[in-house]
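Annotated features, as they stand in TrEMBL:
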ACT_SITE  Tyr138  active site, proton donor/acceptor
ACT_SITE  Lys166  active site, schiff-base intermediate with substrate
BINDING   Thr48, Ile219  pyruvate binding site
SITE      Thr47  site 'Part of a proton relay during catalysis'
SITE      Tyr112  site 'Part of a proton relay during catalysis'
Amino acid sequence: MEPSPRGLFIPLITPFTEDGDLASGALEKLAHAVIDAGAAGLVALGTTGEPATLTAAEQHTVLDIAARVCRERGATLIAGAGSNDTAGSARALRDLAAWPEVSAALTVVPYYTRPSEEGVVAHFTRLALHSPVPLIVYNIPYRTGRVLSVQTLLRLASVPGIAGVKHAPGAVDQDTVLLMSRLATTPPTMAEPPGGFAVLAGDDVFASPLLALGAAGGILASAHLRTGEFAELIAAWHAGDAGRAGALGQRLAPLSAALFAEPNPAVIKGVLHAQGLIPSPAVRLPLLAAGHDSVRAALALC
Ligand SMILES: O=C(O)C1=N[C@H](C(=O)O)C[C@H](O)C1
């Protein structure tokens, strides 16, 4: 198994041209720029990349570009794959074998269907058995409609082939604190998580407190902006420099909040366009482009 993911991962936006097509050149430049600035790797086709509205051909192009950049730069590539259909998710994961640069798949908790927690464990156990790469469970109850208990997260952590969780419960709540505590203090046994299980921050505003509790890194869309400082935030928490990390976290949280003032990734695209880094701020329906006020407010914090 690959070493568990650690550090800052950028879930790349998918830039579009003024005509609404995939802006491949801008995507490639952006991918290089965030690695230059200190990201450990990229996430292709995360939520932020608007995969639901990309054609299969566009998704392949995004994966081709991200794979090329990661290969050239020696960076880690994680790919979003999977849905609320177990068999369909297994096929999507199997197809990732066409990109050998992909070292893990970010696979969302099955949404909308609202399976039982037992069903969620069965889903991921089946996928992990057949996936060509380790899985990172994407736990985001406000998008999926399915809350996972600490017990279920610990069960998932003990499944061979599950390398981590992108944890985005919308708070640093009691369950999150207990999860981090159990992962840090319980010696691995057959029934408990192996040492390499990584918790990655997935709620940008709460990234700093989750890192303080021991997260291995973050998959943070906000880090398209001020990438170097987000990378430094993670490095400072890992180095035990709470003074530096706390100060960075306090500076970056308002930026994250401003970037998420409208449905992601509309504001991020508005800001990157205003900075001349992508050809248009467009997102695809049902998302709407961010309003001027939201973009101006976020730009002021960049
Ligand atoms: O694409 C992702 O991965 C992320 N998506 C989250 C979301 O849109 O809710 C935000 C997070 O920063 C990364």
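Just so you know, glycine gets a Cβ as well, placed from its N, Cα and C.
All chains included, 30 other C-beta atoms sit within 10 angstroms of the C-beta of Ile219 (pyruvate binding site). Listed in sequence order, the recorded positions among Thr47, Tyr112, Tyr138, Ile219 whose CB lies under 6 angstroms from an atom of ligand 1 come out as Thr47, Ile219. Neighbour counts were taken as the number of other C-beta atoms within 10 angstroms of each residue's C-beta; across the recorded positions Tyr112, Tyr138, the minimum falls on Tyr112. For the pair the residue listed as 'active site, proton donor/acceptor' and Thr47 (site 'Part of a proton relay during catalysis'), the C-alpha distance works out to 10 angstrom. Sequence-distant contacts of Thr47 (site 'Part of a proton relay during catalysis'), defined as residues of its own chain at least six apart whose C-beta falls under 8 angstroms from its C-beta, comprise Pro11, Gly80, Ile140, Arg143, Asn264. Of the listed recorded positions Thr48, Lys166, the Cβ environment within 10 Å is emptiest of other Cβ atoms at Thr48. Taken residue by residue with DSSP, Thr47 (site 'Part of a proton relay during catalysis') is part of a helix.
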